[in-house]
Every structure is written in C-alpha cells, then in structure tokens.
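Below is one structure, written out as structure tokens; the observations come after it.
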C-alpha cells in the first residue's frame, strides 16, 4: 500500500530541521520507505510505502510520529507540534450536539463493527473546498469534489481513518441497520456499479430492506451527497478487517477505504478523527449539529502491557543501549514507559498504544521497535557460531524424497501440478465423491475452493480436462497434503503423490515401477482392488511390506464423460509415508552367477483369478534355481512366460532345468 502526503502538510504536525530528502533517507532506513520525493512549486510530494502491519503510518500524523523517533538518531531535530490523539477528544469538543433530528442506529453484531460514531449536521452549504485543501488533495492524486467530500478525504490522509457522509434526507425513516448481507442482495455504489453480494458482507440498510452502504468499501448511490444536500449524516466506524478484505476481493471493489479497513484500524482513532471532522465541518460547511452524538462502543480497548528487561533487549540486539535511550525511542513511538530499578537488573513496564495493538504482542516485538529505530546499520557485524539443528528424521526424509521424486518424474517427461488444497462442490458431484467426509471451509471466498481434498486425483483429473486441447499426451504429477476428518478440530494432514495420464495403463504402470526402482524399492506385491471409480480390469493395489501403498486404475467412462474428457484417463495415488519407510538410500546388489543361465518358455491357460504377481511368487517358491520370470505374451486366454534358471554352484543341464520347469507347471495348473 502506498500513500502520498506533502512535506508542508507534514510540517503542520512536525517541527524539524530535516529537509524532504533527508526525511526520505533517514525514515527509509528505520521506518516507512519513502520511495520518491517530487517537488511541485514550493512544496514536495512524498510517495510512501506502508507495510500491511503498520497501517497507522498511512497518514500525515503517522509519518510525523515515526519521524520524532527516527530523526534524532541522525542528529536531526524532531518533535510533534500537535498530537491530535490528545487534542481531539469528546471532552474537548466545542460543538454542542442537537436533539431534534435523531437517528435510529442498530448494530446486529458488534463483532462486525466494534465502534460506530455518528452525528447529524443540518444547514450544510455545498461549495468548493478552500484552495489549501484542494491543492493538497490534488497533489496526493485525490480529485477535489466539494467541501463535504473533500473533508472526508482530508481526514483520511491526515489521520489514517476513512470517513463517511450520507444525505440524511435520503435515508428512509432515518434508520441505519448494520448487519450481514444475504446472498444475492444488490447495491448500486457511488461509482454507479451494481454489485451482487456473495453474502456475509457488512452492509447498512435503512429499515426497508434497501441497502445504502457497502461498509468499509463504498457508499450506496441512493444515499449519496449532491449539490442539493442540506443535511448530512457524518459517521465513522471500525470494521472486522477480514470481512472487508473478503468482500473487496470477491466483488472486485478495491477502493482506498477498503485498503485501510482490511488491515485493521484502531478503534480509538475513531474519536480523534470524529472530533477533528466536526471542527472542519463547523469551519467549512456553515452547518450546525442537529442530533445527539452517537458513539456505540460496547467493548473499549483494553491496554496491553509488556514487561522486558534492559539486559534482554541488549542481548537480543547484540549492542549495549542505555536505558534512557530505550525509553526515549519507545515514548516517541507512542508507548508509555516506566523504568523499574531492581537490585540485579533494570526493567521496563510498557503500555502499548491502541494503534500498535495489532503488531506488538510480546517482548520481542518491543526489542524490534528499539532495534529498527536505533538502526540495523549500527549493529555490529559478527559471524554467529555455527549451530547445526538436527531435523526429525521424518521431516528430513520427506524433503529428501520429495526432491528426488520431483527431479526423477520431470526427467520422465511428467509436468508438476500445484493445485489448491480445496475443490468445488461441482467437481465432487461430477466424480460422485462423498462430500460428507470432507472438511468444509467456513466463509470461503469462492465456491471453487470450499471443500478440503481427501485425494489428489480430482484436481489432477481437472488438470487433464483443462489441458487436453493443448497437447495430445499429458502426464501430470502432484505432491501435496490431503486432509482427513478426525474427532478433534484439526484434520489429519497426509502427504501423497498423485499421477495422471491420458496415454495408457502400461505407461502409468511403467512410471510407477521406474519410480520404485529409483528409490531402490524392489519388494512389492500387486493385487486386485475394487473401486467404483475405476474399471475392474485395471484396478490394482501395490503393497510395500504388505501395507497398501499405491492404488491405480483407469477412470470409468461415466466419470470421464461427466468431466468432458475425450481420451481415456489413468490415475494413481501413492502414500508418501510408505515410500519413506521403504526407501533405500543405497541399492543392494547380489553377485552375478559365474555359471550359464538357461531360458525356457511356458504356455499356460490364463485364469482371470490368477494374477501375474501370484504366478511369480508360486514359481519362486517352487525352486531355488529360478532367477527371473518375464511375461512375454497374453492372447486369447493363454499366457506365455519366460523362466530363467541358474545355479551358483555349477552349470545346469537342460534335463535338470526341464524338471524344475515341470514342477512350476504342476503348481500353476
């Protein structure tokens, strides 16, 4: 997020001898980054980057406060001329609230809006804003509209709190009901766009069901101020930042107000901005207050307190900083600090200001504040002692095997997919998956990413669908977690490897065999496996150490057509834990026999219930002279096998080998 302010505007709050370019240099080292300084006439525009966790610096006052702490570290004078947090309070208001024009305000859920402050002003005179305000706004790339709208924008840049104003006479029955929107409700915003709401958004209605504000983002066109407006509702709120972010992203309404609210604003700042706004209305609009002052704030900010020792600060930073300097830095940043002198150490009792409650929680955060203002460039250059932190074996092996598999599969011509961990209800329905055993995301920003995956296969099938018109042969893989329900709140997170191709069954089987060979896994069983999604003739399960590890097959045509996929689809899913358990870093070898190998072929009737794996096991169990078995042909109910015989003690005769082959044949028939 970037904001623009002017140097002369900053000097209204800050007394300093630093010029704009010195300000840019020193603040960028220790605080908000001033990316550009541009001279316009006798003033300078500062283009400032504000990080997400430091939204309180997205204002003229916020930058002034940072400068009072940072500039003295570089020998520059800096102190606040005005502290609006102390100057503008309800107790200091000169305006007496009216009584006869009232508002009926209802907050359905205070979690949506922790604070709501409002007042009605009548006899408003709409006219151009004073030249100073217009010029400052225009230099900061904000268009000047009129005195009322300009006050809103001026307050936002001054104090970092968005402000709203409605035409009081356009609000039916003068009711304001703040609630969640219903799915499908519509509002036409100030930019004349009709927004269809996804539901769960923060909105204000006027009691008739008519929406007049998409809160935290943009007001409704039906309550907008125009040149005929004489009475306004001036109100400032604090919203649930997550709701504002969600609504802004789903609707595509990326307004300036939304970029402030979605970062989490200080509810205490509402009072300051409100009172300053009343002063500007009194000065620039000609209006007078006509209603009570409404301040709905059921759960005021509870001051956060942190204790930290000077020794802890210095040890963590690595330099020795005097206690008074630590106190000076923190107080200039708005913290209240008490020094406690103990017999063996000195400590600080620190009260965190409300505008820093979002990012200062623990004593390490306090150390970070001291270190950045002191200057990271002032810290000693020291090489830390070498420390080797041994990772748990399962984490280490997970990383090692992941990298090995990715490298190997890419060399086999497969493309790696990176999908969301969530899938849509539409995909679940098309593949006839069980939605009841899937975790559902509350308040998902899209129906496309609502259900947590219990398998990688659905996502890979969708990848095939999305790419089949771009290339004839597709081979994809993905390594990711799946999420299985369990009794406790958090799910089981299980790593799996998914494979998908539109080539053929034996291609996929060959990929799996090559992968197992790469991992030096030679002992496995292949057995039949039943699944409603796979053709029975291709559904197989691979077992490693007698534990189900790999399931593969061809997707049935019903599901293939439901997805709109033209070619046949072959998939496999592998338990990563089984690969880790059976992985051999170093391959084991057997010495080759120095004696001749004799090969004999055998034709057998093919029994559908007798798998190739079972044939191999039976053959090897029958004779110790057998070294290998190969499947040569499968045609019209007959199977041709090639058997390899050898001895480690002597050369075998053909007669001896035929006897061994006969034994195998007898066992298999």
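Placed from the backbone N, Cα and C atoms, the Cβ positions cover glycine too.
Not measured: the values here are computed from a predicted model.
Predicted-model confidence for the domain 'B5' (301-381) is 91, expressed as mean pLDDT. The domain 'B5' feature in TrEMBL is assigned to 301-381.
Per TrEMBL, the feature Mg(2+) binding site maps to 359, 365, 368, 369. Cβ neighbour count for residue 369 (Mg(2+) binding site) (all protein chains, 10 Å cutoff from its Cβ): 20.
Within the set of binding-site residues (359, 365), the lowest number of other Cβ atoms found within 10 Å of a Cβ is recorded at 365. According to DSSP, the secondary structure content of the domain 'B5' (301-381) in residues is 36 helix, 19 strand, 26 coil.
Listed in chain order, the residues near the Mg(2+) site other than 359, 365, 368, 369 are 356, 360, 364, 366, 367, each with its Cβ within 8 Å of the site Cβ centroid.
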